[in-house]
Ligand code: NAP
């Protein structure tokens, strides 16, 4: 699979922490042929040797010392290039053509934009106008989030990149779609006779998706101030997980079939707007508090954050999918920073059995739950009721668990590794199609428009908690509650 990978932003954080180690893992596993090369592009001046040294350092920081590292980094070249400066694309093209010739890369090119989003459109336009996309092989554009700031800006960006690349050539990264257990949702649903017949509004009472972080905004205050949890997490990662949970079985596992089923979910999202927003969505911003015994500041005291900031660091919502399968089933989603724990989990709560023979006044039977652990644990747990050993007929919850960590972890590729490999193979299934982006922005814009015009009563949750009280009330009024994340951890089989 010969290819030239051009990484724009090769001196940045993403390239160092994720892309170089992921490329090394592909190399180590024999998934990169000898016919590959990387051109790193950044603004600062570096020699090839200096660049190769920084690649070595990122690989050893992530994966430890590697014997064949020299062999790997020999394929790396650096070009200092200001992407805003039109004149420097000619030199980049010359270097790319020489390397193509040297490694016999058949003109296959991947352009990976690991840079601030305002550069995405201009780079794509230059790649075309300066001839870098005039190749006899394939050309693919990999683009990081955020894809726009709202529907209008996303449309504008899409228009720009579509002048140089067709939709099939655009790989919009949603790194959640690289996660092992997110990819597993489809298999759990469609490869098991016991789940699919129950996967509808007759048997499922609600679905909860939580993605919590204990970290605060760290150094990203400037970016986060113009984004917030709704745009940073919900528009992309959270809604992508909802789509995978809710989609109809595709007629085959091709990219087009899977994407079209996901798009149908996005089309069925109930539009929440105006006055209704407060009944369906809750926003929060963290106050000071304690995490792992350490005092942490409030969001408004973080670097590059406005003292009066109206930006949400937490969002919880009730998403309704108005189609035949899901009518009446709420999908509750929540995500935030500085929460009690770092965890991404999905809980599928089944309806209560029609008549409870084992009811004891002080002890209700728990509903059956299927828990999908996305991170940091990876696995699935099924909560059943069974007889208490030795007792009479008292029922207790037992958990049947599968933990990926125990069996496959050593070989589990990191998300970016899988996504890079998919891109090289031309498999766009786990990247977001423009239609998904457009529908999800249309959904989110209605909420952000309301929030932008109303000053929030922030801060409204202490760091180290699971968000504001209003997020609990959102479920309480429907007769549900958030399943406590700590009680759901993968246990060994009981
Ligand atoms: P970063 O650390 O700020 O790196 C920015 C890169 O862009 C640097 O290599 C910088 O080169 C280069 N650059 C800036 N202006 C340039 C110009 N005019 N011409 C050429 N190069 C220029 O950013 P990052 O954290 O890696 O993030 C990159 C992208 O990935 C963003 O879209 C971000 O939202 C997305 N992302 C990042 C992460 C993450 O974990 N970091 C996760 C998900 C998504 P110099 O340093 O030489 O100026």
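From the backbone N, Cα and C atoms, a Cβ is placed for every residue, glycine too.
For 6-184, the entry in TrEMBL reads domain 'Glucose-6-phosphate dehydrogenase NAD-binding'.
Sequence annotations record features per position, and here TrEMBL assigns NADP(+) binding site to 9, 10, 11, 12, 13, 14, 15, 16, 43, 82, 83, 145. Listed in sequence order, 40, 42, 43, 44, 46, 54 are the same-chain residues six or more apart from residue 11 (NADP(+) binding site) with CB atoms under 8 A from its CB.
Annotation source TrEMBL lists substrate binding site at 175, 179, 213, 232, 337, 342. Here residue 213 (substrate binding site) comes close to 335, 336, 337, 338, 339, 342: these same-chain residues lie at least six apart in sequence, with C-beta atoms under 8 angstroms from its C-beta.
On the 0 to 100 pLDDT scale, the domain 'Glucose-6-phosphate dehydrogenase C-terminal' (187-483) averages 93 in this prediction. Summarising the annotation, TrEMBL assigns domain 'Glucose-6-phosphate dehydrogenase C-terminal' to 187-483.
If you look up TrEMBL, you'll see 237 marked as active site, proton acceptor. Around the Cβ of residue 237 (active site, proton acceptor), the number of neighbouring Cβ atoms within 10 Å comes to 23.
Only 11, 43, 83, in sequence order, out of the binding-site residues 11, 43, 83, 337 have a CB under 6 Å from ligand 1. Other Cβ atoms within 10 Å of the Cβ of residue 83 (NADP(+) binding site) number 21 in total over all chains. Cβ packing within 10 Å was compared across the binding-site residues 13, 232, and the lowest neighbour count falls to 13. Most other Cβ atoms within 10 A: among the binding-site residues 43, 175, 179, that distinction falls to 179. In terms of C-alpha distance, the listed recorded positions 179, 232, 237 place 232 closest to residue 83 (NADP(+) binding site).
In the three-state DSSP reading, residue 11 (NADP(+) binding site) counts as coil. In the three-state DSSP reading, residue 179 (substrate binding site) counts as coil.
Applying an 8 A CB threshold to same-chain residues 6+ apart, the list for residue 15 (NADP(+) binding site) reads 7, 9, 40, 58, 114.
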